[in-house]
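Have a look at this one before I ask anything.
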Amino acid sequence: MPVGGLLPLFNSPAGSGLGGGLGGGLGGGRKGSGPAAFRLTEKFVLLLVFSAFITLCFGAIFFLPDSSKLLSGVLFNSSPALQPPADRKPGPGARAEDAADGRARRGEEGAPGDPAAALEDNLARIRENHERALREAKETLQKLPEEIQRDILMEKEKVAQDQLSNRVGFKMLPPVDLAPLVGAIDGEPADAAIREKREKIKEMMKHAWNNYKRYAWGKNELKPVSKGGHSSSLFGNIQGATIVDALDTLFIMKMKDEFEEAKAWVDENLNFNMNAEVSVFEVNIRFVGGLISAYYLSGEEIFRKKAVELGVKLLPAFHTPSGIPWALLNIKSGIGRNWPWASGGSSILAEFGTLHLEFIHLSYLSGNPIFADKVMNIRTILNNLEKPQGLYPNYLNPNSGQWAQYHVSVGGLGDSFYEYLLKAWLMSDKTDLQAKKMYFDAIKAIETHLIRKSRNGLTYIAEWKGGLLEHKMGHLTCFAGGMFALGADDAPEGLTQHYLQLGAEIARTCHESYNRTFVKLGPEAFRFDGGVEAIATRQNEKYYILRPEVVETYMYMWRLTHDPKYRKWAWEAVEALEKHCRVKGGYSGLRDVYFHKESYDDVQQSFFLAETLKRNK
């Protein structure tokens, strides 16, 4: 589907943008030497042995970790890139979490890190890289010489495309027409009590922003208790996540001075030309998404320029046999890989499925279809794959283009894929019929196989593992209440009210998960088994990291129903944040929402400013 069809609210951009020439063909080939070129069988055997040796050497050079990082990270445990999992938990970003080892998506801090676990994680990464190099060497030895030459030519073509992209990627941007902003602009609520509450939310934003500026300016995030900067390795050496992520909130809240200083920092300091391994998902949702939103709101060209520049840097992540991108990418070398723990090195549904909106817009803003082509290929692969029981498993092998283990979740590892299907349909002015069909087919399967009611009538969304249900629901899953309600108007005939009611039931369950804690803020995950309902039973699920999903659902439910209870519930969350998470240096997450004395995790997440406060506004 052409980009214009996916963004019909915009006029087609004038000019050629990036030139449209990043995806050219190989253009001819070379003759390969076959077995006939050898005169003696012995020479062929010797050549084969020599080739194996050379291939292994090159595999060691290109695929084993950097020796300096290996020495500092494993022997001396000092490299920022190899810190404990608390600082490199896998993403979307956010925004993925592995249920087995309790790792949280979107770079959020969870339970305290374990040095032994960190060392094991580092060693697992080394083993995974080494095994991959050996597999690739073995596969190379099984190929004919002409096949090897063809692969080399393809790699050269990819490198040439990347070099061309880096030269012209953001210097030839076409003019674009910005659509007028929609919604209530410059209006104030008639109700004095509501105006007062809005001002309180704005004061909270100023408290979070001013302390970030005072103690962590230019860093990714703030440590509000120790009053310093915090930088998760999910962003590599890229800095300024809070600045970029919060741009649209600053604009919407009319914090004009703060917006201007953030814009100046982006112009002068936001730099992507570095040797850094980043989470493609996290960098996309926080940086690319933040920059695009700021551009559409303000029209400031610097935001478009930076968004396209970063988008070009992310393109090598798609250089896999299937086109399903790697989770992690070195934005200088273009070398990608997946999380070692992710089902044999698979890509994660919530990560590669949460690129679509930003990449469609990148094609529009750059005038080059390559970004849209990449994510439409993902869509095609997912649409064509056979789905078990109509469900989308969380893991997909980027080499084979096939599902890995059958683990399905609407929370971590899966969540935002479904959200992006619905929003792709809405963003296209309801012309992207493929997205609509995939979304409603998916939620029909989810309702059939995952949604259950507790003994006392709470509706929840369980996780599906090879046909068996785990009766656990994550905080991330709570976004689904708003999603069901948002898509209700376009539901199949007779189901509009059903999906509004389903959204309301999920909202109630998530409110109960908040209400049953001491601090009145919800845990990372809560369970429905052993007589327990909407309560976390495991220590590594009891933390709260300033997440937005519950108040997001309240916001959608209020907008769509105007039932005052959703505003009441949202305000309860505000009061709990003020009472238990506010400190002199900003806002901190909590390690245990059931404990009567606050134990802070000392991280003010960028999405607290970008999402949680904005959705309470």
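Even glycines carry a Cβ here, placed using N, Cα and C.
What TrEMBL shows for this protein is this:
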type	residues	note
ACT_SITE	Glu282	active site, proton donor
ACT_SITE	Asp415	active site
ACT_SITE	Glu524	active site, proton donor
ACT_SITE	Glu549	active site
COMPBIAS	86-109	compositional bias 'Basic and acidic residues'
DISULFID	Cys478-Cys510	disulfide bond
REGION	82-117	region 'Disordered'
TRANSMEM	44-64	transmembrane segment
For Cys478 (disulfide bond), which of the active-site residues Glu282, Asp415, Glu524, Glu549 has the nearest Cα in space?
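Going through Glu282, Asp415, Glu524, Glu549 one by one, the Cα closest to that of Cys478 (disulfide bond) is Glu549.
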Go through Cys478, Cys510, the listed disulfide-bonded residues, and name the one with the sparsest Cβ surroundings, counting other Cβ atoms within 10 Å.
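Candidates: the disulfide-bonded residues Cys478, Cys510. Fewest Cβ atoms within 10 Å: Cys510.
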Look at each of the active-site residues, Glu282, Asp415, Glu549, and point out the one with the fewest other Cβ atoms around it within 10 Å.
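Output over active-site residues Glu282, Asp415, Glu549: least Cβ neighbours within 10 Å is Glu549.
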Just counting, how many other CB atoms are there within 10 A of the CB of Glu524 (active site, proton donor)?
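A 10 Å sphere around the Cβ of Glu524 (active site, proton donor) contains 26 other Cβ atoms.
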Which of the active-site residues Glu282, Asp415, Glu524 has its Cα closest in space to the Cα of Cys510 (disulfide bond)?
Glu524
Please report how many Å separate the Cα atom of Glu524 (active site, proton donor) from that of Glu282 (active site, proton donor), as a whole number.
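Their Cα atoms are separated by 19 Å.
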Please report the Cα separation of Asp415 (active site) and Glu549 (active site) in Å, rounded to an integer.
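Counting only the Cα atoms, the answer is 11 Å.
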